[in-house]
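**Q** Okay, handing you the structure first.
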Amino acid sequence: DIVLTQSPASLAVSLGQRATISCKASQSVDYDGDSYMNWYQQKPGQPPKLLIYTASNLESGIPARFSGSGSGTDFTLNIHPVEEEDAATYYCQQSNEDPWTFGSGTKLEIK
């Protein structure tokens, strides 16, 4: 299985500043020109919400302050400017190889 290592495990960011979350895959998640890395946001008591698919594509209805980048094994989620409603846990997920796997999560606190 592909192991996804997220960092940091938690971070606290001031309102209006930038939050950066990294995800490193144990092997490439690229295939045929695309990177099959996705990012989700989860708030307590709610199902995960898809933010970014294939590394850099913004899901419909998601604010443009969320952006994703990377390829191969190294990926980044940026949130800028951070808003209070962004307090949540964020997960990377690869969909290149079965079984699809998730990172262990990054908890974002807004200061």
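The first residue you see is number 1, and the count goes up from there.
Just so you know, glycine gets a Cβ as well, placed from its N, Cα and C.
Copying in the features that Swiss-Prot gives for the protein in this structure:
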REGION    1-23  region 'Framework-1'
DISULFID  C23-C92  disulfide bond
REGION    24-38  region 'Complementarity-determining-1'
REGION    39-53  region 'Framework-2'
REGION    54-60  region 'Complementarity-determining-2'
REGION    61-92  region 'Framework-3'
REGION    93-101  region 'Complementarity-determining-3'
REGION    102-111  region 'Framework-4'
**Q** Determine which recorded stretch among 54-60, 61-92, 93-101, 102-111 has the most C-beta pairs below 8 angstroms with the region 'Complementarity-determining-1' (24-38).
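**A** Top-ranked stretch among 54-60, 61-92, 93-101, 102-111: 61-92.
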**Q** Looking at the region 'Framework-1' (1-23) alone, can you tell me the average pLDDT?
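**A** A mean pLDDT of 98 is what the model gives the region 'Framework-1' (1-23).
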**Q** Using DSSP, how many residues of the region 'Complementarity-determining-1' (24-38) fall into helix, strand and coil, respectively?
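**A** With helix first, then strand, then coil, the region 'Complementarity-determining-1' (24-38) has 0 helix, 8 strand, 7 coil.
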**Q** By DSSP, what is the split of the region 'Framework-2' (39-53) into helix, strand and coil residues?
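**A** Grouping H, G, I as helix and E, B as strand yields 0 helix, 9 strand, 6 coil.
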**Q** Using Cβ atoms only, which residues of the same chain lie under 8 Å from C23 (disulfide bond) while being at least 6 residues apart in sequence?
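**A** Once residues fewer than 6 apart are set aside, C23 (disulfide bond) is near L4, T5, Q6, M37, W39, G70, D74, F75, T76, L77, C92, G103.
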**Q** Near the Cβ of C92 (disulfide bond), how many other Cβ atoms are there if near means within 10 Å?
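**A** C92 (disulfide bond): 30 neighbouring Cβ atoms within 10 Å.
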**Q** What are the DSSP helix, strand and coil residue counts for the region 'Framework-3' (61-92)?
**A** 3 helix, 17 strand, 12 coil
